[in-house]
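> First, the structure itself, so that you have it in front of you.
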Amino acid sequence: MPASQPRSRARDRNNVLSRAEFLSLNQPLKGNQESRSSGRKQSGQAGAAGAQNSNPKERRQSQQLPEEDCMQLNPSFKGIAFNSLLAIDICMSKRLGVCANRASSWGGARSMINLLGITGHGIPWIAGTLICLVKSSTLAGQEVLMNLLLALLLDIMIVAGLQKLAKRKGPYDVTPGLLDYLTMDTYAFPAGHASRAAMLSKFFLNHLVLAIPLRILLVLWALCVGFSRVMIGRHHITDVLSGFVFGYLQFRLVELIWMSSNTCQMLISIW
């Protein structure tokens, strides 16, 4: 035992960590522990007091923030797919807007593209239908023209209502024309010219006897009218495609509520 004590003392002297300047590594000072514990207690008391003094609205917001952050950091697959398709639609529509202004790559053809768009506008078609209705002398012709007039009026009202609900703006800041304001075609979704062209082409193909070249030209006209609105920067690609779909649905609606010859004659006599 006496011999082992000097050996242990020698080991303690040789141990570097047993020196005074290294004691804090093995045993923290009591003063530091007390100061840290007191600081933690004070911060905890201050946090509790702040939580008690905060309003219930702030508590709800603080509870909702983590959920909102999680929603932003972890979006759903549907949200990612929808945003990706929307970004592709906007990018492609801007690229195809070659006649959006005079400085565009096809700015010189803007007048011709606008003229092609006017052929699908509602006001000229309504005016032409009324003129043909006045000059028509056959019952079959008057029946077709009255239902065509009904289809045009329904198209203007349905498209105007959908545009007011969606309120989507076009890819370029293009001011609508006077005819657009008359038919309330001031927003982008859905494209009114596209829906009208699709409805008219399907109506004529179904109720008029046309040769095959004329039928092909009628379909090409509807496609050109729809995509001319993308070229001048008024609509996105999806606006035009949805316009074609709504135009077909409007045609089916008119077929369901088709007015008979007697009804048409009664309306003409009242007018």
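Every residue gets a Cβ built from N, Cα and C, even glycine.
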> Can you identify, from 85-111, 112-138, the stretch that TrEMBL calls transmembrane segment?
112-138
> Could you pull the average pLDDT for the domain 'Phosphatidic acid phosphatase type 2/haloperoxidase' (143-255)?
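Reported value for the domain 'Phosphatidic acid phosphatase type 2/haloperoxidase' (143-255) is a mean pLDDT of 91.
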> Provide the three-state DSSP residue tally for the domain 'Phosphatidic acid phosphatase type 2/haloperoxidase' (143-255): helix first, then strand, then coil.
84 helix, 0 strand, 29 coil
